[in-house]
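Heads up: the structure comes next, in structure tokens.
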Amino acid sequence: MYLKHIHLYGFRNYHEQTLDLQSQKTILLGNNAQGKSNLLEAVELLATLKSHRTNRDRDLILEGKKTGQILAMVERTYGESELGITFRSPGRRSLMLNHENLRRHLDFLGHINAVEFSCLDLDLVRGSPETRRSWLDTLLIQLEPVYASIIHQYYKILRQRNALLKVIRKTVEEQENSSNLSAELSQLKVWDQQLAEAGTRVTRRRYRVIERITPLAQKWHQEISSGTEILAINYLPNIKIENEDPQQVQQAFLDKIEQRRMAEQQLATTVVGPHRDDVEFNINHTPAKSYGSQGQQRTLVLAIKLAELQLIEEVIGEPPLLLLDDVLAELDPNRQNQLLEVIQGRFQTLITTTYLHSFDAQWLNSSQIMKVEGGKIAQL
């Protein structure tokens, strides 16, 4: 997999910029707030249709513009593909593949794969459960593009069920006609079933991906820590499951919904389902979030990112792109060397940095070095 070029128009702080990628390794050099991370964000959007920095398309469009666009050419073993995303404010984004407009996200996803590693990824360990759920979902979308539709459908059902729970609470509080309440409770049973079915599809996939990535991350973690630390990754689903059998998982959903029915009606929100899942990271049997040093947390995240690269390559049959956003400065020399040694010429890599002294001469000589300043990119 090779990203040959990328063109940005009205995206973030770029008026119009084309970058031809002529090396397996591209170093983007520049001060902060010049546009280095914006370029990596564009690649992330091409891979996942998501940004880890914002949920609003308006934020992706250059100030004063009504549209922004990312165009790219990617080369795979089966041939070349031209990808395009157009953002509108107001309006919905549109997707393009080989000059044809696409109606479904599913048809766009999977043409380019990327793993991003930035200093923000420490939030994976010390941040909220929402951060860890988002990490799982982003990984799953790249491994199985149909997952984007599965998770979208789940949250759509969740919103509709929550709306009905609010109506039910209002009916109870205002002591309205009991026949209205009876009809609403019957309707809730229908949403219970839909939530359990959609939630089962999400839970089973999250369960499986944790099972697959854990041994890979443990292997990398052993290597980076020189065998002094033991990593454990535990999926903490909101419902108790023994295995990923779909019937058992779905029944566990329905049982817990029944147990929490009164609480949900009082709170007027759904408290059962994968939107309440979490992932736990332990180092030497101790929660990394609470007790891990910053060095241990960085080692953990680096191991996970290397495991992501390995897992995606195993599943899709080609190495994904690696996006390193000002991360070398956050790593000590040992971890820097581990990371750079793994990359070598195996993964096409885009690296942002404010200085070059983290790289040895051999790395610099084999890299394309670009200067980024004020939304403009030029060969150094």
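Each residue, glycine too, has its Cβ placed from N, Cα and C.
According to Swiss-Prot:
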- G30, N31, N32, A33, Q34, G35, K36, S37: ATP binding site (BINDING)
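Taking the centre of the Cβ atoms of G30, N31, N32, A33, Q34, G35, K36, S37 as the ATP site, the nearby residues of that chain (Cβ within 8 Å, site residues left out) are N38, T352, T354, V372, E373.
Counting only residues at least six positions away in the same chain, the Cβ atoms of K36, T352, T354, K371, V372, E373 sit under 8 Å from the Cβ of G30 (ATP binding site).
The secondary structure of K36 (ATP binding site), as reduced to three states from DSSP, is helical. Its Cβ placed at the centre, A33 (ATP binding site) has 10 other Cβ atoms within 10 Å. Fewest Cβ neighbours within 10 Å among the binding-site residues N31, Q34, K36, S37: that distinction goes to N31. Looking at N32, G35, the binding-site residues in this record, the fewest other C-beta atoms within 10 angstroms of the C-beta turn up around N32. According to DSSP, N31 (ATP binding site) sits in a coil region rather than a helix or strand.
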